[in-house]
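Scroll down for the structure; my scribbles are underneath it.
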Amino acid sequence: MDLDHIITSKQLSRADIETVLDRAAEIDADPSAFADRYENTVLGLLFFEPSTRTKMSFDTAMKRLGGDIVDMGSVDSSSVKKGETLADTVRVIEGYADALVLRHPNQGAAQMASEFVDVPLLNAGDGAGHHPTQTLLDLYTIRENAGLEDLTIGIMGDLKYGRTVHSLSRALTNFDVDQHFISPESLQLPRDVVYDLEQESGTRVREHDSFEDVLPELDILYVTRIQRERFPDENEYQKVAGEYQLTATHLEAAKDDLTIMHPLPRVDEIAPEIDDTDHAAYFEQAHNGVPVRMALLDLVLSADGGVDDE
């Protein structure tokens, strides 16, 4: 794996993905073997948007590797409030850190920022663009529950603005899976994502406006929330809010071994009654963020002159 920055899942080959997932499995099996590998190594966290799981799991991952973090904190308490540009911010903070993690509301921000720094930069979400590290933990969760071959996967919810969807759907083209996309017409996959899937990867894009008909076929159902904060018009959000609500009754038509995933946070798209069923994997999915991000940091930092891979 030879990547200076992790910006989109399109960068990642099947071999790259398997390298990260295999390393994550090693960490899961024996975390102590990776403790203190990166003593005196510092990870810079630059989050221009709210985050719970991504930010805390990167923080935990770096500390469990023996390193530490520097955190820009909220935008309101940083020099961004004074008008500092993103380019200047990352140039300054790379002087304090050995790698950077960036979340930003603007699509393309991570790519732009990476052009101004020499340390590795990992995209933790750029608006409605990409979220490649979430994709890696999603793939790890899928592999742990169902393998990554000969699967039928449904992806449901906000497919237009959902960066987790854009990244995951592209990464899945590296594996033998059928993908079904379930959304209101107004929230269908962006045409550039459809182009990547169909024209560049040869993936058939199957679009549905209801999940009931396709549910019995699915091995994995990946649910996303309707993202209120991405809508330019509140009235447009209200038209689709609550469009899909998965309940235990729906699961009577599903396969016994269906795995239900969600990048979280959820609103009302998965009923709490599903949480304690064998289908629910979304909390496991969130917890997988730590070993997967430990694996990614280990591989990126070692490639950048840290600990050599054995």
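Residue numbering: from 1, along the chain as shown.
Every residue, even glycine, has its Cβ placed from backbone N, Cα and C.
As recorded in Swiss-Prot:
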| type | residues | note |
| --- | --- | --- |
| BINDING | R53, T54, R103, H131, Q134, L264, P265 | carbamoyl phosphate binding site |
| BINDING | K82, R163, R225 | L-aspartate binding site |
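Where Swiss-Prot records a feature, it is marked here on the structure.
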{"residue": "R53", "record": "carbamoyl phosphate binding site", "DSSP class": "helix"}
{"residue": "R103", "record": "carbamoyl phosphate binding site", "DSSP class": "strand"}
{"residue": "H131", "record": "carbamoyl phosphate binding site", "DSSP class": "coil"}
{"residue": "R163", "record": "L-aspartate binding site", "DSSP class": "helix"}
{"residue": "R225", "record": "L-aspartate binding site", "DSSP class": "coil"}
{"residue": "L264", "record": "carbamoyl phosphate binding site", "DSSP class": "coil"}
Distance, R163 (L-aspartate binding site) to R53 (carbamoyl phosphate binding site) (CA atoms, angstrom): 15
Rounded to the nearest Å - Cα separation of R103 (carbamoyl phosphate binding site) and R163 (L-aspartate binding site): 12
Most crowded position, judged by CB atoms within 10 A, among R103, H131, R225 as binding-site residues: H131
Listed in sequence order, residues not in R53, T54, R103, H131, Q134, L264, P265 with Cβ within 8 Å of the centre of the carbamoyl phosphate site Cβ atoms: S51, T52, A124, G125, T164, P263, G289
R163 (L-aspartate binding site) and H131 (carbamoyl phosphate binding site), distance between Cα atoms, whole Å: 6
Integer Cα-Cα distance in angstrom, R225 (L-aspartate binding site) to P265 (carbamoyl phosphate binding site): 7
Around the Cβ of L264 (carbamoyl phosphate binding site), the count of other Cβ atoms that are within 10 Å: 16
Other C-beta atoms that fall within 10 angstroms of the C-beta of T54 (carbamoyl phosphate binding site): 24
CB within-chain contacts under 8 A for Q134 (carbamoyl phosphate binding site), separation at least 6: T54, G125, R163, T164, S167, L168, P263, G289
Lowest local Cβ density among R53, R163, which the record lists as binding-site residues, within 10 Å: R53
Distance in Å spanning the most remote Cα pair of R53, T54, R103, H131, Q134, L264, P265, given for carbamoyl phosphate: 16
